Amino acid sequence: MANYFNTLNLRQQLAQLGKCRFMQREEFADGCNVLKGKKVVIVGCGAQGLNQGLNMRDSGLDISYALRKAAITEKRASWQKATDNGFAVGTYEELIPTADLVLNLTPDKQHSDVVKTVMPLMKQGAALGYSHGFNVVEEGQQIRADITVVMVAPKCPGTEVREEYKRGFGVPTLIAVHPENDPKGEGMAIAKAWASATGGDRAGVLESSFVAEVKSDLMGEQTILCGMLQAGSLLCYDKLVAEGTDPAYAGKLIQFGWETITEALKQGGISLMMDRLSNPAKLRAFELSEQLKTLMRPLFEKHMDDIIAGEFSRGMMADWAEDDAKLFGWREETGKSAFENAPAFAGKIAEQEYFDNGVVMVAMVKAGVELAFETMVASGIYEESAYYESLHELPLIANTVARKRLYEMNVVISDTAEYGNYLFANAAVPLLREHFMPTLKAGDLGASKAEGQSVDNLALLAANEATRNHPIEKIGQVLRGYMKDMKRIAVGG
């Protein structure tokens, strides 16, 4: 199979990268009625598979799970989760032939085998759904001409898809129809109904393309969402301990610091996050973030270029063929890092202390979010897509670090995201260790500086204006208007 994106001419590539429209609430007035009375069969019962299924069933749809025969006879975790939640479970041969909509919600590396298995079993005119377009775009999966191919991609982990639905809300979602597979022109109606059934229409839906979703998703998760959190955690912990900070305190400051800092980001963007700092600290964080952006821009651009060209996918799929040798090796290295093995800290850290003692962490978040956004937009991805794949998802990923450090983050994210995270962090850590961390001053990380520092009013004004007028702040203000009911997610400590 050939990389689908690379088979397109430049005009087609730009058109698909730039496909992005924020859909109006009234476009979902029909809810999920298009799928009422239809048979929806989900393949895969992981975080997205189970939680989307629960939401869709609660929305009145007929949901069942198709699993491999071995998973059923051996009562594996997927079978256990589906049956524990009262779903009908059967083999591919039992359920796929009568399905009107088959949702392939398995991990990326399984998509090709799953599609090859289920496609001959699917009835004429059925639909096939994805929540990530890697198989279609990067692997170039060819789908039977009579099958409609759609995507509904919630912009958060599966657990949050369920929790927000239970609150009567939802999570922002991208939907798309594969232009090569919409024989009856029904794709958009199916995608809208699926998104509505998961609750996505309550939080905002972008009409996108498979191409735009894949390229922006890969970029976000490799850089700011996972790669920067991994690199920043390892570097900041080592710096604190090297300068005499109690390892237990350092571990807690980093583990819960990302979550606390990005909670402000979630509620009011970069501006609110920066406003949580004192004026001298805000100026310093702005200065550090500009330094980071200059230093790291080539690395961000390299990752975007490799994603666009298909180099990243080629490298990762080569590792699949080697039984994930690189992935497992990098995972083991992370598990042995000093931060991952830091002792527990019994004391309390006040919320403001995370900001006051984590000025460089704020700078890393600001620089990473802005760089990821700028790099995606410069590559033809629209601002709305770039926002969701950078700033919006960051608090959700930071929350996983707060639970069980980097181990939890790398367990929750996909193997594709984990592989990309290591690629980025493995380059970012030595770069920042040599050229950035030695430039830090007293008060940038750890104990904050004493009060009484002077502030240049004009410098503060310029920093505030630059932050608030960044394009991600402007589009973020609009998109957050559709998410006014966002709950706090910080687990704190």
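Cβ atoms are placed via backbone N, Cα and C, with glycine included.
The domain 'KARI N-terminal Rossmann' annotation in Swiss-Prot covers 15-208.
In the three-state DSSP assignment, the secondary structure recorded for Ala47 (NADP(+) binding site) is helix. Residues or ranges marked as NADP(+) binding site in Swiss-Prot: Cys45, Gly46, Ala47, Gln48, Arg68, Arg76, Ser78, Asp108, Lys109, Gln110, Gly158.
Taken from Swiss-Prot, the feature active site applies to His132. In the three-state DSSP scheme, His132 (active site) is classed as coil. Remark: His132 (active site) has Asp108, Met151, Ala153, Glu213, Val214, Asp217, Ser414, Thr416 as non-local neighbours, by Cβ distance under 8 Å and separation of at least 6 in sequence.
The annotation domain 'KARI C-terminal knotted 1' is assigned in Swiss-Prot to 209-344.
The Mg(2+) 1 binding site annotation in Swiss-Prot covers Asp217, Glu221. Using a 10 Å radius centred on the Cβ of Asp217 (Mg(2+) 1 binding site) and all shown protein chains, the other Cβ atoms total 26.
The feature Mg(2+) 2 binding site is assigned by Swiss-Prot to Asp217, Glu389, Glu393. A coil conformation is recorded for Glu393 (Mg(2+) 2 binding site) in the three-state DSSP classification, outside any helix or strand.
The domain 'KARI C-terminal knotted 2' annotation in Swiss-Prot covers 345-486 and is backed by sequence analysis.
Ser414 (substrate binding site) falls outside any helix or strand according to DSSP and counts as coil. The annotation substrate binding site is assigned in Swiss-Prot to Ser414.
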For Gly158 (NADP(+) binding site), the spatially nearest of the binding-site residues Glu221, Glu389, Glu393, using Cα atoms, is Glu393
Over all pairs within Cys45, Gly46, Ala47, Gln48, Arg68, Arg76, Ser78, Asp108, Lys109, Gln110, Gly158, the annotated NADP(+) binders, what is the largest Cα to Cα distance, rounded to whole Å?
22
Can you give me the average pLDDT across the domain 'KARI C-terminal knotted 1' (209-344), rounded to a whole number?
97
Using only C-alpha positions, which one of Cys45, Arg68, Ser78, Lys109 is spatially nearest Glu221 (Mg(2+) 1 binding site)? These are the binding-site residues in the record.
Lys109
When secondary structure is assigned with DSSP, how many helix, strand and coil residues does the domain 'KARI C-terminal knotted 1' (209-344) contain?
114 helix, 0 strand, 22 coil
